[in-house]
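**Student:** Got a structure here, written out as structure tokens. Questions coming.
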Amino acid sequence: MCLTKDLNLLGSYETGFDMEKSIYNILTIDRWGSLNHMDYRQARLRLVHGKLALKFLKWVVKQPGLETDHIVQLVCITTHILVRARMYDPARHILKELSLMSGKSSFVFGALMTTYRLCNSNPSVYDILIRVYLREGMIQDSLEIFRLMGLYGFNPSVYTCNAILGSVVKSGEDVSVWSFLKEMLKRKICPDVATFNILINVLCAEGSFEKSSYLMQKMEKSGYAPTIVTYNTVLHWYCKKGRFKAAIELLDHMKSKGVDADVCTYNMLIHDLCRSNRIAKGYLLLRDMRKRMIHPNEVTYNTLINGFSNEGKVLIASQLLNEMLSFGLSPNHVTFNALIDGHISEGNFKEALKMFYMMEAKGLTPSEVSYGVLLDGLCKNAEFDLARGFYMRMKRNGVCVGRITYTGMIDGLCKNGFLDEAVVLLNEMSKDGIDPDIVTYSALINGFCKVGRFKTAKEIVCRIYRVGLSPNGIIYSTLIYNCCRMGCLKEAIRIYEAMILEGHTRDHFTFNVLVTSLCKAGKVAEAEEFMRCMTSDGILPNTVSFDCLINGYGNSGEGLKAFSVFDEMTKVGHHPTFFTYGSLLKGLCKGGHLREAEKFLKSLHAVPAAVDTVMYNTLLTAMCKSGNLAKAVSLFGEMVQRSILPDSYTYTSLISGLCRKGKTVIAILFAKEAEARGNVLPNKVMYTCFVDGMFKAGQWKAGIYFREQMDNLGHTPDIVTTNAMIDGYSRMGKIEKTNDLLPEMGNQNGGPNLTTYNILLHGYSKRKDVSTSFLLYRSIILNGILPDKLTCHSLVLGICESNMLEIGLKILKAFICRGVEVDRYTFNMLISKCCANGEINWAFDLVKVMTSLGISLDKDTCDAMVSVLNRNHRFQESRMVLHEMSKQGISPESRKYIGLINGLCRVGDIKTAFVVKEEMIAHKICPPNVAESAMVRALAKCGKADEATLLLRFMLKMKLVPTIASFTTLMHLCCKNGNVIEALELRVVMSNCGLKLDLVSYNVLITGLCAKGDMALAFELYEEMKGDGFLANATTYKALIRGLLARETAFSGADIILKDLLARGFITSMSLSQDSHRNLKMAMEKLKALQSNKKD
């Protein structure tokens, strides 16, 4: 301190030593006021002076009335004193307080600068200030001090500059290291080796290894020899960037430069190699250390032991432990924990426990980590008895059981189904004052979801909210996945929406799970729309996403849509997998596009490894199901030619196809031949096919034989086999034989299943055994089996067959109320029955129910309703049904429209009939000439000859060719009205239209002529008919005989008729007499008898 004040009152002190002694005495007794009366002079400061300055500062700041500026000045003076007295730590502390008190770095610098010359200080005070700022992470402030120092002609030391450089690099501040270096050189601050080390580290971190090598060369040329730190820095980055060859070359370069690698160098290299899963090379470096006489330490061995343990090579890790012990090195917790974890991962609990006890024998107390590793491994491998023992041991030894250990145990218990014990452990965890985290709760939720206890999982989610946590993305994904797995798709979507609202990031796993579930539920269009929405939200579908959607369309048989998605998939750059191709082929096969499927399979042979046994099996199975066995056998041969070996499924598919076609004997021979060649072994599925085929063929004894053969070969018949037998008995009408099969089903996967009951229900329903059907339905409910649409159909079928239609409707309503799916076939059956019984209103009510359930009308339903409505003269309702069919894209049969036109004409509503005719033409139900002809016939049938004739002429004028039936009907009306000549004129018109008479037309004209007594012309037509290749029927002969018998005079035609009747076998020669009239009467009786028998 350089204060020069003279006070006359203390002039008696003659020497400097006496003055110093007096000041010291006054200061030590805290009589600060006496200092104002003393005379000062310049002297070198020592440690004691710094201490006194601090003591004085503490006294001053406690004095009242001091202004901030005075305090700052005193603090700065004290800092200068401390720096000159080399008391750097107190100086740092004061500067830290001053920087916090003042805020701005420029203010602190200015305050120090103001007192700098007063105290004859030195620049190191600013070095300390810079380091204070760096230690507090205030890099910008340190750079500001560096700048201000330059303005006043001061330079910090190179060590301070290195500290700034190092801090800038670590912090990642937006400050250029190279700009700072340039400023250093500009201010002639000479860099040292440490400076170069920092710069080399920066270049290596950026991957600029060439520049770092150049800098090292520049460093050497400038007289700075790279140290071990320099080389270690470069080696570290070589290893981190995977340039291990360059690292080894640098090691050799170090040796050539006389810089020996130390144990830290090798430890760093080994650590980086192990982290990059190159543990074998790390072990070679250990051997290299030995050769270079560098002794590995505990860190070296721990790194390698941990690396080998993580890689599953615990035996090598154990050998390294023995080597470590042989060199006198002491393994620590890290060593044993790695070995315990390694042995546990391999499932070798005996060795893991040996390591644990060895650790204790070495005097090392197992830590929470040691126990945690052991407990986690034991729980994962379901060794819960051992785990419980070590858990209690931790408690006894006072080792704190932490959150990670508890979570590991809870996770292991949950994964192995010990959920209640997991909950108990959770409660113990809370009692120990350890709050479960989101990972702990996630393990519990996953465990409960896995076993289907979804309600409990949701309760745990509520508990998460109660403790102030929020479910993370993993928990949401777990809930969504398990909801989808259990078929609760609506709940899964609701959870997904909650996940979005919570702001969690959607991942591909959750996305693909939802897409797959939507496809499985048959909602493939919704799945595609969901994928579009995800794409618009920025989550692009991956290959799995596209595969899920293509598979969905494939399963539903929508091959074209599957290919559309495939095109989009390839367009965005995703490569199809063998699963993609399989789904596309499946889509074509299920959609019935077998020819296209065959072509697609052939094209896939050009794609490497795309065609395998599964692909061929897909197409072969589809061919078998479609009944195209020849093609299936051809595909089988093609497989063998292409060296694609058929598997058990291939043979089973072919055998099943043959059995379905009733070629069970061929299937058996094929199976025996394949078995003899060693291509396939007899299996349960194969014999089930034989049993099913034999029973369906009515060969129930042969079916029983194959059932017994299954037992002899050790293939226990399952419920599928028994169901095949029950179905066979039911089809043969021998359903009573199933009573012997039902008791033995108790041992087959829990007894009769829904398929069993449905088969029995259908069988008893066809027999109209309603009471047994209801007993079977009661058994379904009592056994906890959910009925399906087939159950409903079979039960309603029996009731309908028993003419209890009203009860059938009530049962249908009950099924719908219970949420059972009812199919279109059940509705069609009931609607047809309602229509047949004349209960049209009931039929319409059923149609309304169908519509409300989203089941559209089909052609069979509509046709049945139209027919009954027409019969009951409810023509307006009939038109409504026909219109509804058109709206739904169902093309009604033309005969339904024709029936409606006939009915309308019959009741005299000609105007509406013409409207319906126009609708037929407009909707393209049939060609215009057919529609117009139908109108002609309808008018003729209701006796409106003039209108019919007028319409016929209009048709001819419009160049529309009437049908033969319309001409025939009009000719029949003419003949009926006695206008045979007009009928014959119509025949001429027919001929002009290019139409020929058919058998009915000939019969109409012949009957009309006979009725008029014109037998000559009638027989002329008869001969013409025979010439056109038509064989006369009973109607023809009866008309001719009736005409002949009505004649009073003989006619030669009688002999012709009798001769033809005799030739055709209608009469015999034994029954003929000489009287033609009598013979004709006898022939008439014979013909009447024949027609009567035919009607019966």
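In case you wondered, yes, glycine gets a Cβ from its N, Cα and C as well.
What Swiss-Prot lists as repeat 'PPR 2' is 157-191. Per Swiss-Prot, repeat 'PPR 3' is recorded for 192-226. Under the heading repeat 'PPR 7', Swiss-Prot lists 332-366. Look at Swiss-Prot and you will find 437-471 tagged as repeat 'PPR 10'. According to Swiss-Prot, the repeat 'PPR 12' annotation covers 507-541. Positions annotated as repeat 'PPR 13' by Swiss-Prot: 542-576. Swiss-Prot lists 612-646 with the feature repeat 'PPR 15'. Residues annotated as repeat 'PPR 17' in Swiss-Prot: 683-717. Summarising the annotation, Swiss-Prot assigns repeat 'PPR 18' to 718-752. The repeat 'PPR 22' annotation in Swiss-Prot covers 858-892. Marked as repeat 'PPR 26' by Swiss-Prot: 998-1032. What Swiss-Prot records for 1033-1068 is repeat 'PPR 27'.
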**Student:** Take the repeat 'PPR 27' (1033-1068) and find every residue of the same chain, 6 or more past its ends, with a Cβ under 8 Å from one of its Cβ atoms.
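**Tutor:** Cβ under 8 Å, 6 or more out: 999, 1002-1003, 1006-1007, 1009-1011, 1013, 1015, 1018-1019, 1022, 1025, 1076-1077, 1079-1084, 1086-1088, 1090-1091.
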**Student:** For the repeat 'PPR 22' (858-892), what's the model's average pLDDT?
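**Tutor:** Mean model confidence (pLDDT) across the repeat 'PPR 22' (858-892) is 73.
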**Student:** Where else in the chain does the repeat 'PPR 17' (683-717) make close Cβ contacts, counting only residues six or more beyond its ends and a cut-off under 8 Å?
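**Tutor:** Residues 648, 651-652, 655-656, 658-660, 662, 664, 667-668, 671, 724-725, 727-729, 731-732, 734, 737, 748 contact the repeat 'PPR 17' (683-717) from elsewhere in the chain.
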**Student:** List, by number or range, the same-chain residues at least 6 past the repeat 'PPR 7' (332-366) whose CB is under 8 A from its CB atoms?
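**Tutor:** For the repeat 'PPR 7' (332-366), the sequence-distant neighbours (Cβ-Cβ under 8 Å, at least 6 residues beyond its ends) are 298, 301-302, 305-306, 308-310, 312, 314, 317-318, 321, 324, 373-374, 376-378, 380-381, 383, 386, 397, 399.
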**Student:** Report, as numbers and ranges, every residue of the chain located at least six residues beyond the repeat 'PPR 22' (858-892) whose Cβ falls under 8 Å of a Cβ in that stretch; write 'none' if there are none.
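**Tutor:** Those are 824, 827-828, 831-832, 835-836, 838, 840, 843-844, 847, 899-900, 902-904, 907, 909, 912, 916, 919, 923, 925, in sequence order.
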**Student:** Could you break down the residues of the repeat 'PPR 3' (192-226) into DSSP helix, strand and coil, giving a count for each?
**Tutor:** 26 helix, 0 strand, 9 coil
